[in-house]
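S.K.: To start, I am sharing the structure in question, which I have written as C-alpha cells.
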2 protein chains.
Amino acid sequence: MRIAILGYGVVGSAVAKALIENDKIIRARCGENIIPVIALARKNKKNALIPITTNIDEILQRDDIDVFVELMGGIEIPFQIVSQILKKKKPVVSANKAMLAYYRYELENLAKNLAFGYEASVGGGIPIIKILKEGLSANNILSIKGILNGTSNYILSAMNTKGIQFYDALKTAQELGYAEADPSFDIEGQDAAHKLLILASIAYGLRAKPEDILIEGISDITSEDMYFAKEFDFTIKLLGIAKTKNSKVELRVHPTMINKDKMIAKVDGVMNAVSITGDLLGENLYYGAGAGGMTTASAVISDLIDIARNEFKGPMLGFRNDFQFELLNKDEIFTKYYLRLKVEDKVGVLSKIAQLMSENGISIDSFLQKPKQDEIHSTLFFTTHSTFEKDIKNLLLILEKQDFIKGKPFMMRIEE
Amino acid sequence: MRIAILGYGVVGSAVAKALIENDKIIRARCGENIIPVIALARKNKKNALIPITTNIDEILQRDDIDVFVELMGGIEIPFQIVSQILKKKKPVVSANKAMLAYYRYELENLAKNLAFGYEASVGGGIPIIKILKEGLSANNILSIKGILNGTSNYILSAMNTKGIQFYDALKTAQELGYAEADPSFDIEGQDAAHKLLILASIAYGLRAKPEDILIEGISDITSEDMYFAKEFDFTIKLLGIAKTKNSKVELRVHPTMINKDKMIAKVDGVMNAVSITGDLLGENLYYGAGAGGMTTASAVISDLIDIARNEFKGPMLGFRNDFQFELLNKDEIFTKYYLRLKVEDKVGVLSKIAQLMSENGISIDSFLQKPKQDEIHSTLFFTTHSTFEKDIKNLLLILEKQDFIKGKPFMMRIEE
C-alpha cells in the first residue's frame, strides 16, 4: 500500500519514520507493506526520509498512490484538497480536527463507501474514535467528559501542585514546549471544542459547529480558586462535556470543579483522558498522551493498517441510519456552580449576597470566606445547588452592579 | 441478523435484554436489526425474553441463525461446540476466557476468514481487545500491566482503605456479590492469567498456556504488607504483567507493589484497568467495570455490530503474518523485590540477613523494622535492587532454614 503524506512537519515526518522503523510489526498486523512514497512540504528538506515535493499537484496527479494522509493544518485549503481526493475515490487519513469540526458531515457525504480515518484528530495516541464508534457501539452514550487539551491540563496541574499563578504556569509550559508562543487556541478552549464536536458526532450524530457551543478558557483561574478547590476536595480541569438530557445533548468546554476522587481528576500534566458513560457499561476512562509526533503517528498508522486490512467499511462518523440529537440551548444547562466574589469587608455584605441569590432562585450549597488579603477586601466563595445557567448568568449581572463587589464576579461550573 | 445465545445466565439474559432495549441505537450503528432468536439454557425458563431450549442440537441444526454467541462457561464442551459451528462457516462471538486461554490458536485456525469476536473475554466493558488489536496496531508493545480481576482488586482496596485483614475483606466481597462462594479462581490469579494470555496473543503472538506462566494469588497478603506499602508510597495490586525483554516476553500474574502515583495504582474497588506501553505512543491506560451482565453484554454486542457492519476481516488474534515471541524463562525475570520476614528480636539477626543477601548477590534498597508485636518477635521489611528471580527464590530457601526466622518468609515483586 503506497501512501502520500500531505504536510511534513512534526507529525508528517514522524509518520514516515514510524512506517519505516516499525515496518515489521505493521506488515505482520495487516499482511502488507505500507510505504510512504512522497510527502508535501512548504519547502524542500534535505535529509528527509522520503522524497519531498513542494507542489501539491505533483502528488495529486500521480496514480500510484493508494491512500493520502492529510497533516497540513488549516481548514479551507485542506478541505478543498481532501474533497478533490475523495472525488477521485481514494481513501484519506487526516489528523485535522479543525477541518473536521467544520466540515465533517460534508466529508462523510463525500467519503460514502470510501475509508476516511481520523483517529489522530482527538486524544493523540488514545484510540478514542475507534473506542466510541466501535467498542462502545451497543450503548446509548449518557455522557462524555474529556481532558482534551494537554497544554491547559499542564497549566492547571502546575497551578495546583506548585501553587503558582496562571501566567507563571503558562510561561513554564512555553519553556517546556507544551504551549505555543500564541497559546490562545489551547487555553481558550477552542482546541478542546473541536475535539468534543468530533466525539459528539460519533456519539450523537450532532451537527453543531464550534460557534454554536459554550466555550470558556482557563485564563481567569487564580490561585484562590485552587485554594478553594483544595479545601473542598475538588480539582480544577478544563473539560469538554457532552451530556444527554431527554432527546437533546448539551455540549460545553470550560474549566470545571470536579470531585478529586474521580479518575479524571487524577489525570495530571500534559496527559489527556476521556471518561465515557454508557447505559450498558457504566463509566469507562481512557488515558494517554494527547500530542507529540510519534503519539499522533501511532493513530495515523492504525488507520492505515485498518485500511490495509480492509476493515474500514464506514460509516465515517458513527451511524449508518439516521440518528441525530439536537443541541440543548445554553440557557437550559442545569448544574452546580462555584462563585468567587471579591467584596468590601463590611457589615451586611454576606446577607445582601445571600438575598440576591435567593431572589434569583439560587440556593447555596457551601460557603467559605478567605482570611482578609488587605485592609478592606475579602474573598467569598460559594457553591450552589443545581440551577439553570440563565439564572446564574442573571445573578452575575446583578452582582456586578453592586457597589460592595470589587472587580468581576467569577463563576465556574461543578461536575460531580 | 439472527443470533442464537448459547448459555442463558447473567450474561446471556443481559445480551438478549440489551439487544431488545437498545435496538434503536444498534440499528443506527450497523444499519441492521440484530435479533436474538433462541437461547440455550440448562433448564426451561418462564418469563425469558426470547424462546429457550435445553437441547443444543435443536439450535445447531437450524439454518436461520447468522451468528452464534457462546456464553456457556467451561472449556472442553464449548470448544467442541464452537468448533462444530466454525466448521459450518458460521461466525461466533464468545466471552469464554478459559476456552480461549487453552484453545485460542486452534480456534483461530478454524475461524480463518470467519468472524470470531471475543471482546467480552477480557476487561468486561473496556474494549481492550479492539484497542490492542486495532487501535495500537502500529506499536511494538513494550509492556501490558493489568488489573484484570475485580474480585481481587476489591479485596486489596478494602484491606488498604479499611485496614482489615484478607479474610475479612473476602467475606465482605462475598456478601456484596463481588466474590464467589469458592473464590479461589479469582483470588489465586487464574482468572487474570487467562485474560493476560489472551492479551499476550494479540500483542506478541505468544502461544503459552496457563500452566506455563508464573501465577501467584493474593491470599498471603497481610495488613503488615499494607502498612509497609503506605510507609513507602506503594499500593498493592494483583497485576497481570507482560513485558518484552530482547526477543522474549515475560508473563506473570502476582500481587505487586507499585508506586502509588501511577494511574493504575489509583484504580480501586471492583474496577479493572489495563496500562499498555507502546514504542510510539508511550503509556496509555484503559479503565472500566470488569464484570456484570450488562457490562459484558456491551462487549458481546459490539462484536455483533462489527459483524453486521462487515468490519471483521480478521485475523482473529492479531497477526496476518507470522509474528511470535517466545516466553521468557521464569528464572530470568529481573525486577525489584519486597521481603517480609518475621524474626526473633535478638542481636546479630539483621547483620546475618544482610550477609545472606549479599552472598546471594542481592542488594538492599530500603529497610524498615516494625515496632515489636510480642516479647520476642519483630517484623523486618526489605526492598531490593533489581535482581534475578532465581536468586531471590534461592535466598528465600536459605532464609527459611534459619532458626531465627519464624514462619515462611514472604516475597512480593515491585513494579515501577
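Placed from the backbone N, Cα and C atoms, the Cβ positions cover glycine too.
TrEMBL lists A:Lys195 with the feature active site, proton donor. If you look up TrEMBL, you'll see A:Leu6, A:Gly7, A:Tyr8, A:Gly9, A:Val10, A:Val11, A:Gly12, A:Ser13 marked as NADP(+) binding site. Sequence annotations record features per position, and here TrEMBL assigns NADPH binding site to A:Lys97. As annotated by TrEMBL, L-homoserine binding site applies to A:Glu180. Feature annotation from TrEMBL assigns domain 'ACT' to A:338-416.
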S.K.: Which residue counts does DSSP give the domain 'ACT' (A:338-416) for helix, strand and coil?
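M.R.: The breakdown for the domain 'ACT' (A:338-416) reads 23 helix, 35 strand, 21 coil.
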S.K.: Would you mind ranking the binding-site residues A:Leu6, A:Val10, A:Val11 by how many other Cβ atoms sit within 10 Å of each Cβ and giving me the lowest?
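M.R.: Each of the binding-site residues A:Leu6, A:Val10, A:Val11 was scored by Cβ atoms within 10 Å; lowest is A:Val10.
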S.K.: Average the per-residue pLDDT over the domain 'ACT' (A:338-416) and send me the rounded value.
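M.R.: The average pLDDT of the model in the domain 'ACT' (A:338-416) works out to 93.
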S.K.: When a 10 Å sphere is centred on the Cβ of A:Lys97 (NADPH binding site), how many other Cβ atoms does it contain?
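M.R.: A 10 Å sphere around the Cβ of A:Lys97 (NADPH binding site) contains 24 other Cβ atoms.
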S.K.: Using the Cβ center of A:Leu6, A:Gly7, A:Tyr8, A:Gly9, A:Val10, A:Val11, A:Gly12, A:Ser13 as the NADP(+) site position, which other residues in that chain lie within 8 Å, going by their Cβ?
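M.R.: Here the non-site neighbours turn out to be A:Ile5, A:Ala14, A:Val15, A:Ala39, A:Ala41, A:Leu71.
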S.K.: Helix, strand or coil by DSSP: which one applies to A:Leu6 (NADP(+) binding site)?
M.R.: strand
S.K.: If you draw a 10 Å sphere around the Cβ of A:Gly7 (NADP(+) binding site), how many other Cβ atoms fall inside it, taking every protein chain shown into account?
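M.R.: If we count other Cβ atoms within 10 Å of A:Gly7 (NADP(+) binding site), we arrive at 23.
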S.K.: Please report the number of other Cβ atoms within 10 Å of the Cβ of A:Glu180 (L-homoserine binding site).
M.R.: 13
S.K.: Per DSSP, A:Glu180 (L-homoserine binding site) is which: helix, strand or coil?
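M.R.: In the DSSP reduction, A:Glu180 (L-homoserine binding site) maps to coil.
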S.K.: What does DSSP call A:Gly12 (NADP(+) binding site) in the simple three-state scheme?
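M.R.: For A:Gly12 (NADP(+) binding site) - judged by DSSP and reduced to three states - the answer is helix.
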S.K.: Check each residue in the chain of A:Ser13 (NADP(+) binding site) that is at least six apart in sequence and keep those whose C-beta is under 8 Å from its C-beta; list them in sequence order.
M.R.: A:Ala39, A:Ala48, A:Leu49, A:Gly293
S.K.: List the residues of the same chain that sit at least 6 positions away from A:Gly9 (NADP(+) binding site) in sequence and have their Cβ under 8 Å from its Cβ, in sequence order, or write 'none'.
M.R.: A:Leu71, A:Gly73
